[in-house]
Amino acid sequence: MGGLKFHVLMYPWFATGHMTPFLFLANKLAEKGHTVTFLLPKKSLKQLEHFNLFPHNIVFRSVTVPHVDGLPVGTETASEIPVTSTDLLMSAMDLTRDQVEAVVRAVEPDLIFFDFAHWIPEVARDFGLKTVKYVVVSASTIASMLVPGGELGVPPPGYPSSKVLLRKQDAYTMKKLEPTNTIDVGPNLLERVTTSLMNSDVIAIRTAREIEGNFCDYIEKHCRKKVLLTGPVFPEPDKTRELEERWVKWLSGYEPDSVVFCALGSQVILEKDQFQELCLGMELTGSPFLVAVKPPRGSSTIQEALPEGFEERVKGRGLVWGGWVQQPLILSHPSVGCFVSHCGFGSMWESLLSDCQIVLVPQLGDQVLNTRLLSDELKVSVEVAREETGWFSKESLCDAVNSVMKRDSELGNLVRKNHTKWRETVASPGLMTGYVDAFVESLQDLVSGTTHD
């Protein structure tokens, strides 16, 4: 695409689920000849540099994350701390403002993309720059945050769905986000998000109109500003990176579509009793399984936390792994037939693109809304039943998995049929290209000051 070439400064929240989609979008912009300066914590450089497909156009600059009382010394990213300490890390991000201003002065960008650093529009105005609030969670999550304080399970006036809602039994997911510290650390998450939405020049959302168009329209109307869509922005398949040999060998020992793969994201740490119940539920399915989760709270290793006799009983059929795994490559392995997921937004798109049956066990508020979108609105997945405390039993997990894995299951056939339809829509060759082209045109207009009705 021709036209004006621009320079973007990106400053995402210090979490893998935010930095990687920012970088995926940076690759799309760089591919079209635009320049990106990408700010991130030093610890994240090594983790992300292999995703940079255009190192001549995308330049990483690291920021020093200052220490904040209440965080372990050296903390830089969200994956290093419990969710309840997120507000402290956000406070540390606020203390990088001087560094960000110095970078803006040095590289002279045309636009600044940000998400949780709510003060970026103030910085940009001082330099005469435009800002884009880039939303990498679902549009439904943002729509629900715009009308806080209502009754759980009751859609507020004008809200576009009676299904994609937090219900009374989901209150536990909000408790998990409540800060455990008593220090005043500035705005909370809701205040940061709403301030960012209201003060940015434009809102951009990593979604597709086909999936969340009604929520995007709602946000545009509520915020009274243009909402641009980037599409899902999937990374290009990396032909140079293959699935680790240990997983190729292990998965290849099973029949096609027979393995249940469970992963709950980089931030979820289960209580020990819930972790054990998860393991027992996987055992109960009777299917081969691979579980990739962090050691539960209070345990330093997976092995010490496993239920008594579990390893011996599932030997040769099940494996619980406490380290990082190549989730997209595992999902694309022919032996994997079911994905049990927390339904973080990145995992939501990966599950939609996969051939696997989808079972969802959300842990936090936005994951619950993503789950409602997939299970209740699109009907492509099954949600694990829970008690009001948030507890899920081994039986409810097993029932959910078997309801989609058994070939004679009416529910399984329904979600498989719907999943196939939506996967074909999302993966259609022209969809992604069309979104990115239109998005770049809108950015060119924003930089040049051109307006289109």
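From the backbone N, Cα and C atoms, a Cβ is placed for every residue, glycine too.
Computed from a predicted structure; not experimentally measured.
Here's what Swiss-Prot has on this protein:
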BINDING   Ser266, 325-327, 342-350, 364-367  UDP-alpha-D-glucose binding site
Open item on the list: On a simple 10 Å Cβ count over all chains shown, which one of the binding-site residues Ser266, Ser347 is most densely packed?
Closed with: Ser347
Open item on the list: If you count other C-beta atoms within 10 angstroms, which of the binding-site residues Gln327, Gly344, Glu350, Asp366 is the most crowded?
Closed with: Gly344
Task: Mapped DSSP class for Gln327 (UDP-alpha-D-glucose binding site), helix or strand or coil - done: helix
